[in-house]
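Positions annotated as domain 'Aspartokinase ACT' by TrEMBL: 8-68. If you look up TrEMBL, you'll see Gly81, Lys82, Gly83, Thr84, Val85, Gly86 marked as NADP(+) binding site. If you look up TrEMBL, you'll see 81-213 marked as domain 'Aspartate/homoserine dehydrogenase NAD-binding'. Residues or ranges marked as NADPH binding site in TrEMBL: Lys186. Marked as domain 'Homoserine dehydrogenase catalytic' by TrEMBL: 221-423. Annotation source TrEMBL lists L-homoserine binding site at Glu274. If you look up TrEMBL, you'll see Lys289 marked as active site, proton donor.
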Amino acid sequence: MREPVTLLTLVGEAMGRTPNVAGRFFGALGQIGVLVRASAQGAGERSISAVIDGEDTATAVRTVHAAFNLAAQEVNLLVLGKGTVGRELLYQLAAQQQALAGDQDVLIKLAGLADSRRAVFDPAGIPLARWDARLQESHVPPDIPALLDRLRRLPVPILVDCTAEDTTAVYEAALARGIHVVSANKRPLAATWPVRQGLMDMARARHRRWEYETTVGASLPVIDTLKGLVRTGDTILRIEGSFSGTLGYLAGELSRGVPLSHAVRDARARGYTEPHPRDDLSGLDVARKALILARELGMQLDLDAVAIEPFAPSEALGHDDLERFFLALAEHDDAVAARIERMRQAGRVLRYLAQIDPSAPAGAPAVRVGPVEVEPDHPAARLRGTEAFVAFTTDRHRAYPLLVQGAGAGGAVTAAGVLTDILKIAMSLRGR
Ligand SMILES: NC(=O)C1=CN([C@@H]2O[C@H](COP(=O)(O)OP(=O)(O)OC[C@H]3O[C@@H](n4cnc5c(N)ncnc54)[C@H](OP(=O)(O)O)[C@@H]3O)[C@@H](O)[C@H]2O)C=CC1
Ligand SMILES: N[C@@H](CC=O)C(=O)O
């Protein structure tokens, strides 16, 4: 036994006549990894006691309070990334924290925050009005395993990935520690099938949640809708759509006569593009989204099985350095403008579409993404600005496809989707 220890006692009337009180008590402690060194039940069936390590006292008390709805459900976040999406999430959390605690009984705390260079962690919660200053003051490099070790000791720990990095190893480490995951980042979901499936299996085996609604269509309910169709036994015949807010925006700007390189700079400044816009213009970002949806159907594909035609000429997309990238892109402004004009004269508009066809014949790609000249009566023709749309043609929605449509990119909508995913987890665990 490690000293000092604490005797944690749950006291209640009619305990002996209420089912599963002990299960909830010990289950809540077990979920956050608190070791019960000894336990006893009071003779009058009015109390249950557990001996726990002294260092676990505060967390254990808060967790048991939440499990019996004696306090708001506390949720602790480690947020990776404070760019367009991460920053906006922190603003929305600051604005909503009190209302969520008061109206929904969910107290969301920012336990940790990291960017590519530094990290800050405070188990009592980083004040949301001061996250920027606290991170600026920190000289601690982002040692993710160490941060996860601290996070897992707190009630309802959630890793929130607002980076665009390959974070598969981070997810593995988080899930192994019993931490839930919320992703805006598509890369772990677009990793090879065995890697992605390994993470899914890990989450399932450990009863942890992995939510990733914003990876396709920002806060649009695309993935929840698809999961609902699949789980209720519908057969998906085809998924088609315009999945990229950036490419939708660019198509609109081009048709207004804005040169490609200017429109891309503008889309980046507005927070629509990936950190490097090449990932949008090459079609890679849309291919990842299409792959994420196809895999929800059980299609065991990898990214290299997606047929990708780029939005902009591939030879313009080579530079890592952003200024050189924009200069190279500008060399194609006139040719792209001429193509758009030809389309306009033919009464068509440019859209970047994705198609998923689960029953594609052998040898034909089941998933393809690329630019399409659409007729004015095509559902994509009426999209405006960053609007995205996804059409599900299914056995039950055969005559009229089920449509999801709205803003498909941008910090505010995406952060709201991330916060919704966090709340889904918090609500599903309340009282457990
Ligand atoms: N923008 C949008 O509309 C949408 C974006 N997404 C996805 O959200 C994710 C974030 O996008 P966005 O906010 O636009 O990107 P940004 O480039 O604006 O932000 C990325 C952030 O990640 C941080 N970062 C990089 N490496 C690490 C690391 N190893 N550990 C911790 N933090 C790290 C960066 O740190 P530093 O500040 O030090 O550079 C930066 O703060 C992407 O995966 C994107 O695909 C999803 C839906 C919509
Ligand atoms: N760059 C992406 C952002 C959302 O995933 C897009 O424009 O759709």
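Cβ from N, Cα, C; glycine included.
Annotated features taken from TrEMBL, shown on the structure.
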residue : record                    : DSSP (3 states)
Gly81   : NADP(+) binding site      : coil
Gly86   : NADP(+) binding site      : helix
Lys186  : NADPH binding site        : coil
Glu274  : L-homoserine binding site : coil
Lys289  : active site, proton donor : helix
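By the rule that a residue counts when its Cβ sits under 6 Å from some atom of ligand 1, the recorded positions Lys82, Thr84, Val85, Lys289 yield Lys82, Thr84, Val85. Cβ atoms within 8 Å of the centroid of the Cβ atoms of Gly81, Lys82, Gly83, Thr84, Val85, Gly86 (the NADP(+) site) belong to the same-chain residues Arg87, Glu88, Leu89, Cys162, Thr163, Gly411, site residues excluded. Across the domain 'Homoserine dehydrogenase catalytic' (221-423), mean pLDDT in this model comes to 97. Ligand 2 lies under 6 Å from the Cβ of Glu274, out of the recorded positions Thr84, Glu274, Lys289. Sparsest Cβ environment among the binding-site residues Lys82, Lys186 (other Cβ atoms counted within 10 Å): Lys82. If you take the CA of Lys186 (NADPH binding site) and look 10 A around it, the recorded positions you hit from Gly81, Lys82, Thr84, Gly86, Glu274, Lys289 are Lys289.
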